[in-house]
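Database features (Swiss-Prot):
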DOMAIN    5-81  domain 'Cytochrome b5 heme-binding'
BINDING   His40, His64  heme binding site
TRANSMEM  107-127  transmembrane segment
Amino acid sequence: MGGQSKVFTLAEVSNHNNAKDCWLIISGKVYNVTKFLEDHPGGGEVLLSATGKDATDDFEDIGHSSSARAMLDEYYVGDIDSSTIPTKVKYTPPKQPHYNQDKTTEFIVKLLQFLVPLIILGVAFGVHFYTKQSA
């Protein structure tokens, strides 16, 4: 890796996306891994699926050995113009609406739904019981 390295745009690197011409972007550097496709332990399809984007996360998630990282040097062709790589949008879930933070009103409603029928039943039973004794 001596001298000035060539700087590529994402569009330029994205053109190299097949089994006869395969380039990857890893940690801001561009690698021509075409010759390595057949020898890659995970298969060439794994490498081809990582073309046209920043493959750094894919590379790091696998947990490559130090010898695999050293092999990258022989496939190095230049650097990527980082301004051409789209920024990752971090997903933030929408905040949940807080309809009823004070649960006391909900509790009172449930309590009344339980007690009102019992009170009606008790009154009906009492009326029936007292009218039966009087007669």
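Any Cβ shown, glycine's included, is placed from N, Cα and C.
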So which residues does the transmembrane segment (107-127) touch in its own chain, when a touch means Cβ under 8 Å and the partner is 6 or more beyond its ends?
none
Per-region confidence, the domain 'Cytochrome b5 heme-binding' (5-81) (mean pLDDT, whole number):
90
